[in-house]
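Student: After the structure tokens below, expect a handful of questions from me.
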């Protein structure tokens, strides 16, 4: 049977030591917060207070140091390599920036990732990367990122980059932001809320419907932050591709239940995260 590849996304992995911790619990993907300084340089992998219930909000690294740790965890011949870690979502905390700094943020982000993660195109980390942007007005971050990789001689690395607007905006508004950014694929659509609060699945279902329609812009849908078995089952029943969680082992447990193991499998590196799954 054709099973939907599933991404178990470890939430708020902001210290290098947490990469091992979350992957060992079953995550094949992690989400990392990126804060910016006043000149739009990516500065720390830091969330800050408040954050999810039951989590420490203040773990951090310098962004470039984190990229090096992540590179080691995703480079096949490295002693820190995790074969199953195949995707990272950078949750870009651009709320501290003016709208007109978005292009610069994208440019500086690209330079950091190119140097410290991709090793300037020389046997760097292999994980796919989703740039997750909280504000539709900051779509030029994507433009800045793309133009910088191109001008720095590595346009091919855009094959490894996907996109997400994480503000729970109306699906139509997200579509027009992508149009402005010139994005025509590699789209992950998030929906969710902190684990301290409850959120229904109506917008998730709308995103799934867009993904599965012939003219939708979405390739993958993920839901955050899910820590309980019941809400995991509800999200899987709604047809999501990814679940972001503080407890990867809980999601892995549910995926191993017979009802779900018949329909889902844990995604591997061979699963293209930019491809819409067709049943």
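Using the three backbone atoms N, Cα and C, a Cβ is placed for every residue, glycine included.
Annotations per Swiss-Prot:
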type	residues	note
ACT_SITE	11	active site
BINDING	31, 33, 91	Mg(2+) binding site
ACT_SITE	47	active site, nucleophile
DISULFID	51-57	disulfide bond
DISULFID	53-196	disulfide bond
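Mind running through what each feature is packed against?
Tutor: Long-range Cβ proximity for residue 11 (active site), meaning a same-chain Cβ under 8 A and a gap of 6 or more residues, is found for 31, 52, 55, 224, 225, 244, 245, 246.
Annotation note: residue 91 (Mg(2+) binding site) sits in a strand segment as assigned by DSSP.
In the three-state DSSP reading, residue 47 (active site, nucleophile) counts as coil.
Residue environment of residue 51 (disulfide bond) contains 21 other Cβ atoms, counted within 10 Å of its Cβ in all protein chains.
A coil conformation is recorded for residue 53 (disulfide bond) in the three-state DSSP classification, outside any helix or strand. For residue 53 (disulfide bond), applying a Cβ distance below 8 Å and a minimum sequence separation of six or more within one chain yields 194, 195, 196.
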Student: Cβ-Cβ under 8 Å from residue 57 (disulfide bond), same chain, 6 or more residues apart: which ones?
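Tutor: In sequence order, the residues whose Cβ lies under 8 Å from that of residue 57 (disulfide bond) (at least 6 apart) are 47, 48, 49, 50, 51.
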Student: Other than 31, 33, 91, which residues of the same chain sit close to Mg(2+)? List them in sequence order, counting a residue when its Cβ is within 8 Å of the Cβ centroid of the site.
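Tutor: Other same-chain residues with Cβ inside the cutoff are 11, 12, 13, 14, 32, 34, 47, 89, 90, 92, 93, 132.
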